[in-house]
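One structure is given below, encoded as structure tokens.
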Amino acid sequence: MLMLLVRGTHYENLRSKVVLPTPLAGRSTETFVSEFPGPDTGIRWRRSDEALRVNVGGVRRQLSARALARFPGTRLGRLHAAASEEQARRLCDDYDEAAREFYFDRHPGFFLSLLHFYRTGHLHVLDELCVFAFGQEADYWGLGENALAACCRARYLERRLTQPHAWDEDSDTPSSVDPCPDEISDVQRELARYGAARCGRLRRRLWLTMENPGYSLPSKLFSCVSISVVLASIAAMCIHSLPEYQAREAAAAVAAVAAGRSPEGVRDDPVLRRLEYFCIAWFSFEVSSRLLLAPSTRNFFCHPLNLIDIVSVLPFYLTLLAGVALGDQGGKEFGHLGKVVQVFRLMRIFRVLKLARHSTGLRSLGATLKHSYREVGILLLYLAVGVSVFSGVAYTAEKEEDVGFNTIPACWWWGTVSMTTVGYGDVVPVTVAGKLAASGCILGGILVVALPITIIFNKFSHFYRRQKALEAAVRNSNHREFEDLLSSVDGVSEASLETSGETSQEGRSADLESQAPSEPPHPQRY
């Protein structure tokens with residue numbers, strides 16, 4: 001179009017821009033407005049009754065103009081009512097002029113639910129999308145929470161207000177049970193630390209042998225020996241508490257004190273003492289080996305299982321230090337040394353926790369307690385309130401009777417064993433009011449304890465299935481696959497592993513584009 005610059009007054013309307021010439025001096029010119037049509041006058045780029053052809057993530061459909069006119073505020077409704085092609089292109093990702101088709105790079109599953117919304121006027125929640133992804137899709141297509149159907153609105157709002165967790169107790173799908181990619185990347189990052197270390201390949205093999213029982217046959221043998229030593233240590237501790245051993249050691253201790261010698265040298269049975277030394281030597285070997293072979297010393301001391309290993313050998317060495325510190329101060333200090341040694345020996349009970357390294361159930365229990373501190377706190381709060389209330393009622397009803405309800409603190413023990421439905425029977429009410437209070441305490445305990453226990457059990461089931469899936473993945477992988485994994489991280493720096501997430505994400509996006517669904521011969525119409 002030829003454009004002329006004319007000096008004069010400019011007027012602009014919706015159709016065209018008209019320039020009125022300025023009248024020359026001395027001449028009277030009648031002012032008029034041009035009536036010629038603009039370039040788009042009477043010519044629409046789309047017919048108002050034309051069906052809208054869309055392609056969402058490879059899913060092609062045709063939507064009728066009547067269905068879109070019912071919801072003009074949605075993105076497709078605004079696209080249908082667009083006055084120009086330029087305005088329509090701002091609402092979509094791409095436009096095919098030849099096929100007159102609009103393309104959207106969005107979730108195709110939500111688009112099918114969107115088609116159902118244009119038919120019925122109600123939007124239903126998709127289980128395949130999390131609540132936040134579903135909300136983002138709904139906002140993109142111009143749908144608010146009012147568009148949700150009544151059957152899905154309450155569930156959607158509840159999940160949206162609930163803080164997201166790394167697990168879902170109601171889900172048994174492989175995606176929720178299988179190990180997440182973060183765990184695999186953490187293992188690769190730990191293995192990559194050996195790349196620049198001295199004797200890194202040998203240290204890496206030894207570390208996998210000690211940490212992963214399914215790595216090789218020597219790792220399985222090492223795990224069996226470790227379990228046997230832990231069980232032997234626990235058995236020796238239990239046998240040491242038998243009456244015949246206690247009487248024999250007490251007589252030997254009295255004779256040693258009378259002779260002015262330390263009772264610790266003759267207190268233990270020789271066989272049990274040798275077994276204890278062997279167990280301590282094995283535990284010390286495990287701790288020192290894991291510390292020397294660990295890829296990161298800081299991470300070593302932050303791992304709960306490693307802390308348990310340290311606590312299992314700590315009482316023995318503390319006992320030796322106490323003996324060295326108090327051994328030269330005379331027989332009067334031997335009594336204090338014996339008390340200190342008894343306290344340290346009580347810490348040997350923590351050796352049973354070493355089995356958690358070889359037990360799926362114990363590791364799952366630890367993960368459950370770690371993620372259930374709120375539920376455990378609620379359970380303790382419920383029990384504390386119930387015990388306080390029913391203890392006061394029982395004290396009021398039984399204080400005149402000589403049955404053990406003399407004070408309210410004395411009634412706390414009865415309230416605890418009653419609410420937890422243990423019922424030792426050492427203290428029981430005898431009056432009618434006391435028995436009614438006991439009945440209410442027992443029934444209240446059943447109801448109160450059952451509420452958080454269900455949530456904790458669901459979490460335990462989830463973590464147990466997840467741990468079993470991780471062990472199965474390691475067990476099913478053969479030795480050659482482990483060799484490939486080890487060789488793949490040789491020379492790989494930790495920084496490259498941190499940036500690998502972005503590269504893998506781009507690769508997955510490219511794969512999704514290359515695996516787009518095939519085009520149907522004729523798109524369906526709605």
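Cβ atoms here come from the backbone N, Cα and C positions, even for glycine.
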Is it the case that Swiss-Prot assigns Val324 and Ala469 to the same side of the membrane?
-> no
Given 1-12, 145-156, 409-420, which one carries Swiss-Prot's intramembrane segment label?
-> 409-420
Among 13-20, 69-76, 421-428, where does Swiss-Prot put the label intramembrane segment?
-> 421-428
Within-chain partners of the topological domain 'Extracellular' (396-408) [C-beta distance under 8 Å, separation at least 6 from its ends] = 414, 426-431, 433-434, 437
What else in the chain is close to the transmembrane segment (271-293), if you only count residues 6 or more beyond its ends and a Cβ gap under 8 Å?
-> 203, 206-207, 210-211, 225-226, 229, 232-233, 236, 239-240, 245, 300, 306, 309-310, 312-313, 316, 351, 354
Sequence-distant contacts of the intramembrane segment (421-428), meaning Cβ under 8 Å and at least 6 residues beyond its ends, amount to 403-405, 413-414, 438, 442, 445-446, 449
